[in-house]
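Participant: Quick paste from TrEMBL:
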- 24-123: domain 'Ig-like' (DOMAIN)
- 129-203: domain 'Ig-like' (DOMAIN)
- 209-306: domain 'Ig-like' (DOMAIN)
- 424-507: domain 'Ig-like' (DOMAIN)
- 516-602: domain 'Ig-like' (DOMAIN)
- 626-716: domain 'Ig-like' (DOMAIN)
- 720-803: domain 'Ig-like' (DOMAIN)
- 814-900: domain 'Ig-like' (DOMAIN)
- 924-1012: domain 'Ig-like' (DOMAIN)
- 1018-1101: domain 'Ig-like' (DOMAIN)
- 1-22: signal peptide (SIGNAL)
- 1114-1138: transmembrane segment (TRANSMEM)
Amino acid sequence: MAADKFSVFLLILKSLWTLIRADVEVSCILSESCILPCNFHPGAETIIHWVQVAENIQVHSFYYNKDQLGHQNQNFRNRTSLFKDQISRGNASLQLTGVGVQDQDRYKCYTSTTGRNKESFINLRVDAPVSKVNMEQVGNRIICSSEGIYPKPDLTWSTRPPSNLNLQNQTSIQQTEQQLYNISSSLILSDSETDLIYICTISTRKNWRRVSLFKPTSKTTSDSETTIPCTESRTKTLTGLVWRFNHSQIIVTKSGANVKYTVSEEWRQQVKGVSESGSLMLQDLSSHHEGKYSCEVSDAEETLITNTFLRREKSQDTEVSCVFMESCILPCSFQSGAETIIHWILVTAGDPHAHSYYSNQDQLGLQHQRFRGRTSLFKDQISRGNASLQLTGVEVQDQDRYRCFTSTMGENKESLINLRVDAPVSKVNMEQVGNRIICSSEGIYPEPDLTWSTRPPSNLNLQNQTSIQQTEQQLYNISSSLILSDSETDLSYICTISTRKNWRRVTLFKTTFINGSNPETTISCPDSITSITGFSLTWRFNHSQIILNQSRADISYTVSEEWRQQVKGVSESGSLMLQDLSSHHEGIYSCEVSDAEETLITNTFLRREKSQDTEVSCVFMESCILPCSFQSGADPVIHWIQETAGNPYVHSYYSNQDQLGLQDQYFRGRTSLFKDQISRGNASLQLTGVEVQDEDIYKCHTSTNRGSEDSLINLRVDAPVSKVNMEQVGNRIICSSEGIYPEPDLTWSTRPPSNLNLQNQTSIQQTEQQLYNISSSLILSDSETDLSYICTISTHSNSRRVTLFKTIFTFINGSNPETTISCPDSITSITGFSLTWRFNHSQIILNQSRADISYTVSEEWRQQVKGVSESGSLMLQDLSSHHEGIYSCEVSDAEETLITNTFLRREKSQDTEVSCVFMESCILPCSFQSGADIKIQWTQVTAGDLYVHVFYSNQDQLRHQNQSFINRTSLFKDQISRGNASLQLTGVEVQDQGRYRCFTSTMGGKEESFINLRVDAPVSKVNMEQVGNRIICSSEGIYPEPDLTWSTRPPSNLNLQNQTSIQQTEQQLYNISSSLILSDSETDLIYICTISTRSNSRRVTLFIPRNSTQVRGITGVVVVVILAVSAGLVGYCCAKLFMRKGCMDAHRDG
């Protein structure tokens, strides 16, 4: 019986416990702050643990009278806080900032005091309510959408009046990375019922919003003024009004019933006013204002939209043609008189002002920014009735209708001008690739035409493909590809490109052939060169490489650098005389002769006698021609075969066409023959995009009715050495280069020559493209410190070398802020050099690309660089301890680079101050009296003597190095023997800030010095934005904690009401933001926001024009709900079941 009574008691107790522990429901708004309530019976030794129940994640802990966040989950860092001044009164509520969808969960609040323990549970629910619904009509569809909603919303369509129509719609919902929902629905309109109002409603558990779209209306007017009504179906007090033009362009906005409307800048001249019912009154209208006008009226839950189409009549205009990027005059005349007013207006949406004149001067306050500095009137002729406008730098977007409005005491007058823009055809390019001719031109307007023809005329069907593309400047690029005919080989092909403004044409004559083994030859230009006057002449090799230029007949020609040895001269008729030819000069020679309208092109294939296994050298990723000739005859057959395992087919030709069925896939799209030259015995193969794997022996097999021939070609690929990098890291020099073929050689040497064993490790890696990257690390010698080290990287095609001179030490007194650092003496031994100065290897101080060009100083070093001497020495000023480090001088020419490192050291006092920039490298200076048995020990004093770096027995000893410094520290080992124990620390972080001890020991004695490392992340950028009646000023990634101040210009007695918040990131940097409420009483103030730290300050100035802001008061309503739950039974049970010590130990860590 007693047992039954005890069971009933336990059942009642369990029910009571469940009732007490019922979860509290809390609803939080996305990205806002939220309070999770929790209270307890106050007492001594308070412990509070907040836990996210689902995965038992630590959210926030408090004991020993302070926050304990060592085990806090990183998702909650810098986002949680308790009301510490209320904990003693039993308030353990948690404030959570920046609420995200992932925060939605069940939370446990555990509290413990000497008197009792308590647990309570809170269900946090996240809502991102529907804030705005967008609706747009596109053709016969209405699209309704909204973004950034949580949880998943519902969307419904309805009509007014209700209809039996089947509302056909498609609705899609997408979830973003933030787990929010974007919803969109497309409804097809009915043709049978056109008087319906369509309603779209989007709702969640938190709220709903709907949009109603009324049937469209139309309005026709020939007057320059009109009024467009808004919807009359308003039964509520509406808080918002927006008028739009063609859906996207805002005309007028009104944010509240008692707030004045605001007109956008583009529509100020057209908007006459807005009636009480919301109707839009317009003036000064032109045909450019024809289009759709949308009225949107809104309250807290609903938006009503009405569309009205406005149509106007137009008059005949004056036509003016202007050339792209040149100046142009738009004519306008009037009856002269007193008080002349002139307005030039672009007749587009918003009627932007191009130029205004009155009160005897230009008035450009309302001028649109795209016309600034580009317009002018002929002021000396205005009094004689000339109001013409000069427009400079004409662009395609200037093409439009312009209105010239003039007014005097006698009369007003309007005239309309249609400005037409032309970018004529300036140059036509033509190139033959295999059996195709490509004709192209760029930068044309309007869209051009391209036609093909032949000389003599032919009945051939000229098969071509033409493509046209439009650039960002709205100009046109045109290109056409024509397939050559095999049946008619004696034709000249003509490409003509024309617009309404002009035309140009290019004529390509049939290709000719020259055979010979002589190292000299003459290649003729077209006979018709005499038919054009004032010509220019260009000779090219293999289409792309320019041999020589002659811009006019009366000016001497200019030969390119690569062809100076081969060009012997040019005859009066334009023929090219060549000398010192080799097999490498076999290919296509193009002669181009041009005048103002026409270009004539002749291609001549120069073929030299070849021996077995002709050698051809090709550059990686460029085009290359494999030469092959044969005795021409009937039914030619050509096979190109790669002489490797399996003999893959490269290219085949027979039956008068390419036969690529057996072509290896590796060569697809990369090979072509010169088909118009096959009948004349040319079987040469053009291979594009040469790669390393193309290197091989190729066989060219030809066959005709006269017999068969075979020839072999050795194709050799080269990717020459383009740049060599050298860097000193501690007692090692690293020399490297990339993208080379074939496998390069790397050698080390010294200057002067030395018997030293140069210990180095060289590694070569091959990329996926079979190119080689080479790197070598050389250990410097302690015994010979006066050597210069030379690294040379070479292949069979070229070589480059870098020379590193011995490091020089320069000491300057702490009070002397100026010094000069010398460059290598051998700078005079190289000509056409470039010069670069660096700080600590990576930071560029200045650049000089050529000896005859002035140097350029980087932004960070402008204050310190005083100048550069003729010998390249660097003159510095305003130096501080922060400028102590390695200065590298690099002097380069086409083949060699010379590098000198100079270590600049300033005298130090006790506790040397060193300022380091966040995430950059930094040097902590330390010097000592050199001697034998050197030991160096760097420790961080402030963190309990953590080991930073240790060196003894002539090597680093890093077994006890603290893990936060692993791979981030190094000594200058080649300088240790000379008393330099300085430490280089890379990737400086905020937690590196502190006091460091440099302890050195030798046979001569012991020394120690202390360095205070200070970390700065300066203010780099300040952002300012105006949102309604508030200005928001912010900056990110700053250290230490910055200050933010507001001021005005001129100074004002205003109380600048602002709220400033500072947040610290995981990297301990600070993000600062401040919101300032603008004043209604003083509207012409300039507002200044200044953000500063100990290292720098930056400020942003914002000018608020008069009447640009309507300031509204904000009323805040704070509702505080306090939920008190008795915990007596819980405390009693805890006291009975546990001893106090056991209870505390079991729950202190949650």
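Including glycine, each Cβ sits where the backbone N, Cα and C put it.
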Participant: May I ask you to check whether the domain 'Ig-like' (720-803) and the domain 'Ig-like' (1018-1101) make contact, with contact taken as at least three Cβ pairs under 8 Å and only pairs 6 or more apart in sequence counted?
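Facilitator: The answer is no, given that the two segments have fewer than 3 Cβ pairs within the 8 Å cut-off.
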Participant: Taking contact to mean three or more C-beta pairs under 8 angstroms, with sequence separation of 6 or more, is the domain 'Ig-like' (1018-1101) in contact with the domain 'Ig-like' (626-716)?
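Facilitator: Result for the domain 'Ig-like' (1018-1101) with the domain 'Ig-like' (626-716) is no.
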Participant: Kindly say whether the domain 'Ig-like' (626-716) and the domain 'Ig-like' (424-507) touch, using the definition of 3 or more Cβ pairs under 8 Å where each pair is 6 or more positions apart.
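Facilitator: These two segments touch.
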Participant: Sort the residues of the domain 'Ig-like' (129-203) into helix, strand and coil with DSSP and give the three counts.
Facilitator: 0 helix, 44 strand, 31 coil
Participant: As a test of reading the model: what is the averaged pLDDT for the domain 'Ig-like' (424-507)?
Facilitator: 89
Participant: Could you tell me how many residues in the domain 'Ig-like' (720-803) are helical, how many are strand and how many are coil under DSSP?
Facilitator: 0 helix, 49 strand, 35 coil
Participant: Summarise the domain 'Ig-like' (626-716) as counts of helix, strand and coil residues per DSSP.
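Facilitator: Secondary-structure composition of the domain 'Ig-like' (626-716): 12 helix, 43 strand, 36 coil.
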